[in-house]
Amino acid sequence: MPARLAAVLFGTAMAGLGVVFALEPGWRTPVRLIAGVGAVLALSFGLRQHRPSHRGPWQLLGAAVVLSVVGSVAYTAGTGHSLPGTVGTAILLIFYPVLAVALFLFVRRRTRGRRDRGGLLDALTLTCGVGLLAWTFVIGPRVRDAGLSDADRWIAVAFPVGGLLCLGMLARLLIASGRRLSVSGWLAGGVLAMLAADVVTDLTALHHDLTNLGVFGRIPLYAGIGIAALHPSMTELTREAGEPPAELGRVRLALLALASLVAPAVLVFQVGVDGRVPDLTVIAGLSACTFLLVLTRMAGIMASHRLALARERGLREASAALVSAADADEVAGAVRKAVEQLLPADVPHRVVLAMAYTEPEQLVSPEAAAQSAQDRAAGTSARLVATRDVDWAVAVRMTQFNMVLRCPLVLADRPTGDPLVGVLHVGAPTGSLLGLQRALEVLATQVALALERIALSEEVIRRNSEAYFRTLVLNTSDVILIVDDEDRVRYASPSAVHVLGADPVGVRLPDIIHPGDRLRLADVLAGVRKGATTPEGLDFRAVGRRRTEVMLEMHCRDLRTDQTVAGLVVTLRDVTERRQLERELTHQAFHDALTGLANRVLFADRLQHALARGARDGSVVGVLFIDLDDFKIVNDTLGHAVGDQLLLAVAERIAGALRADDTAARLGGDEFAALVENVQDPGAVEETATRILAALAHPIVIDGEPLQAVASIGITTTPEADNADELLRQADLALYVAKGAGKNQWRRYQSHLHDAMVARLELRSALDHAVNEGSFLLQYQPIVDLASDEAVGFEALVRWHHPARGVIAPDQFIEVAEESGLIVPMGRWVLDQALHTVAQWRRILPRTRQPYVSVNVSVRQFREAGFVEQVRASLDFAGVPPQALMLEITETLLMGDDEQIWSDLAVLRDMGVRIAIDDFGTGYSSLGYLRQRPIDVLKIDKMFIDDMVGDDQQFALVRGIVSLAQTLNLTVVAEGIEEATHREILAQLGCPLGQGYYYSAPLDATEALTWLRNPQPIAA
């Protein structure tokens, strides 16, 4: 059933019920029920039919109807019975706030997002005027009626107060609705009729002479609510209203004037009728309230006037800026500044100006400037739309706002025939946008004029510049051709002769192109004629001047429908030099600059492809990591230039040892790699490693000097792994093992290598934690005078107190500490702790028996910047003289010709610190540095001492070392004395000092002090 027909039928039925209600008093209760149920049904039907955006206010109206019907029936049924009457009265009292809340929710929906303080003040003013009348004629007499109990008096007052509350909300709703709505009229008529009936009922109860005027009860309310719900305009009541008119209407002004005159009229009435004013206090109070409301309203009107003046001034300034704007950028800037002036200060906002021909900064998209037929019909009217409903390119810039004010830029009689120039979008808080609509429409007209003026100017400039562009085409280095349907060149720009060596007009385009590219050209031309676009970077070969081959980049557009062209427009650009440069850059990106081998990136790419092929055909892929042994010595001793020549020669030999399908690569520094693919047996990969070692076995002559390039190789193959990362990791592990096994050999990856490496990494992690936590301890082994068996010093030996493995000897973690660099902080701690301990001993022992302490220093620690100053600071902090410290270094530190090392040793020795060579005879063993360098002590390694008893050769070697030291005036300390025989032989040979388990195992600081006081040799 159509909604309008349903409204007519419902109104007719309600009119009939009203007549029955008036003529048949006995039928009033059923009529009330029927009318109430009908109103609820009509409201439900209207909600389903029209689907308003918010159902809550309408549902509350339905609840109010139910409360009214139930309360009326209960009140009528309770006549003569206190309980039902009381319940009915309570329900009827609840009805008023429910109805008021429903009207309030309508007000909120109509005014959502904006502040209409003027409408609120007007509604309060009207309510004050009516409230004074209600007090004078209804509420006041009840309050003064001595015959009423307190409860009856409060109930009698509550009903008129509830009616006033509903009247105030209704006035606020009517003011907020702005333009007249049919639904507002029906709803207002129903509420006003109900309030009139309530007034008639109250007056009847007071004077008993107006009985027949209130017989219709609340049926008009039910009728008004039902018809309003059925009317199609009911959805407007929960939508946001537009900006209220700035001026006051005649009806509204008349109502405000009448409300203001109520107080003096009531005052005159009471004086004329009773000769006194019983409600003087109330009249004075409400008069004061009305005066304050009117005064506040005037202040708001003045503020609105000032805002209007400010906006007028802003529009004038914007008009001046738009008149002088020379391009779209300046127009956009003027618009942004104008909107900023039109909005209140500090209001966040965003302006997007979308038009058809501006720069990307202002042009969001051509779609953003498009409008529907409805928008064009609206002309220049600004409309408030949800952000989600505008073009996406605008919406992404307005995400912080819910609503956008959209104003089309429209001009009539444009040369193009389309009146739409563009669209102006302003995003801001909704309340601010509502007050901006009219001003934005004025601004939009000025912007449209400015943009049209600029467009016309640009069109004039464009037409005047055609000769200029024609000159550019004729003189450009690019070749521009027009090709007909038979692929024959109909037009060629003058640059064609320079690029192609001849005029191509009349020649078929395929005949210009290299024969190998003609089929591809035919496909491209056919595709363009079918609507396809030319791919980017499409190159063709051609013969240019002097019969040389040139590379041409081609772009093609189909302009056969353009009468001025009528063909394919082909643009050719000579990119020969650019492509050559690109090839060179690509080669540099994937090849090593020094050797020309593949680099790490290209090696990884080829490995991925090799693995894919191996997975398809079942072949084996092998990876070899090749690392030159002791290459750093070549760089440090012979220089980097020689090192580069050596790397180049090694690269040639590695590449020569591979097959044509294999790949040689330099990964960096002295690290190489080889990729062996398409083999059936992993043994073929091992054979490749053997060939590489054999190729490197022959000396490489550089500048007339032969150099030996020794390498270690780690091997892994796809049987051990099936992805690139795993292969590279396994090859690295195998290389590590090969180096540890003695270098100049290859090792194949085995699964236990991974476990060993994981254990090593765990050890390194635990060692790092131990360094931070200080989980080390020092033990001291006595250094004894072999002649007197008295201790002259102690060697400080570090131990690691592992939380799970207990005390760990240094041979299990020193190498890891060296690799990771943890040896530096560890060595610093050992030095400080040893000096602290020896300082305690020196304070306790007599001056004649104070020992020195010997501390081992690694190569990495000694090379650390500031090592000498660190030793000096540690000595000063501990309060130990330099003569009480001996530093033990290895022969590795003395390799090469590093003047800084020798200089630091000399400084330490000048300080008084003694320098000892540890494990002498096991390393570099050059007599030159013993004679020329600042060395004080030689320590003979334990392996010489162990074998000298039964081995004459070892005995002679030890004797020679002792004799050499005596000749060079160096002190000798023999390590590893574990038997009395060792001590006797060394004493006979003239070795002054020794240490070992024969005298004592390593001791902690307290045990060492006890041993000093009572030395006792112990057996190993």
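From the backbone N, Cα and C atoms, a Cβ is placed for every residue, glycine too.
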Quick one: sort out which of 119-139, 392-412 is the transmembrane segment according to TrEMBL. 119-139
How about long-range neighbours of the transmembrane segment (154-174): same chain, 6 or more residues beyond its ends, C-beta under 8 Å? 89, 92-93, 95-97, 99-100, 103-104, 106-107, 110, 119-120, 122-124, 126-127, 130-131, 134, 138-139, 142-143, 145, 148, 184, 187-188, 191-192, 195, 198-199, 202
For the transmembrane segment (60-77), the distant same-chain contacts (Cβ-Cβ under 8 Å, at least six residues beyond its ends) come to 28-29, 32-33, 35-37, 39-40, 43-44, 84-85, 87-92, 94-95, 98-99, 101-102, 105, 217-218, 221-222, 225, 229
Structural state census, the domain 'PAC' (536-587) (DSSP three-state): 15 helix, 25 strand, 12 coil
Could you check whether the domain 'GGDEF' (619-751) and the domain 'EAL' (760-1016) come into contact, where contact means at least 3 Cβ pairs under 8 Å with the two residues of each pair 6 or more apart in sequence? yes
